[in-house]
Amino acid sequence: MRTLLLTLVVVTIVCLDLGNSLICYVSEYGAKMTCPEGKTLCEKYAVPLMQGHFYFAWRCTSTCKAGAYNICCSTDLCNKIP
């Protein structure tokens with residue numbers, strides 16, 4: 001009985017810890033990052049350069065930018081690299 005209780009406590013602690021560890025892409029080369037506390041979304045967004053041209057940026061965020069080419073999501077590695 002004590003072993004079962006100890007097992008349940010350990011599993012609960014591990015699950016609570018994993019619940020706050022969203023992983024997002026953070027570069028065009030596929031670099032990944034575990035997001036810090038408070039950053040609950042992954043984002044891929046377009047940064048305008050000059051008329052008709054832009055590049056993409058990736059990040060962990062708490063709020064996403066609006067835009068036709070932007071992706072905002074909340075699961076691991078959901079802001080895919082093209």
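In case you wondered, yes, glycine gets a Cβ from its N, Cα and C as well.
Since we're looking at a predicted model, the values are computed, not measured.
For C42 (disulfide bond), the number of other Cβ atoms no farther than 10 Å from its own Cβ, over all displayed protein chains, is 27. Look at Swiss-Prot and you will find C24-C42 (among others) tagged as disulfide bond.
For C60 (disulfide bond), the same-chain residues 6+ apart in sequence whose C-beta sits under 8 angstroms from its C-beta are L22, C24, V26, M33, C35, P36, K39, L41, C42, E43. Annotation comment: Swiss-Prot describes C35-C60 (among others) as disulfide bond, evidence class similarity to another entry.
The disulfide bond annotation in Swiss-Prot covers C64-C72 (among others). Taken residue by residue with DSSP, C64 (disulfide bond) is part of neither helix nor strand, so it is coil. There are 17 other Cβ atoms within 10 Å of the Cβ belonging to C64 (disulfide bond).
The annotation disulfide bond is assigned in Swiss-Prot to C73-C78 (among others) on the grounds of similarity to another entry. According to its DSSP assignment, C78 (disulfide bond) is coil. Around C78 (disulfide bond), taking its Cβ as the centre, 17 other Cβ atoms fall within 10 Å, counting all chains.
The signal peptide annotation in Swiss-Prot covers 1-21.
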Reduced DSSP assignment, C35 (disulfide bond): coil
Spatial separation of C78 (disulfide bond) from C72 (disulfide bond) - C-alpha basis, Å: 8
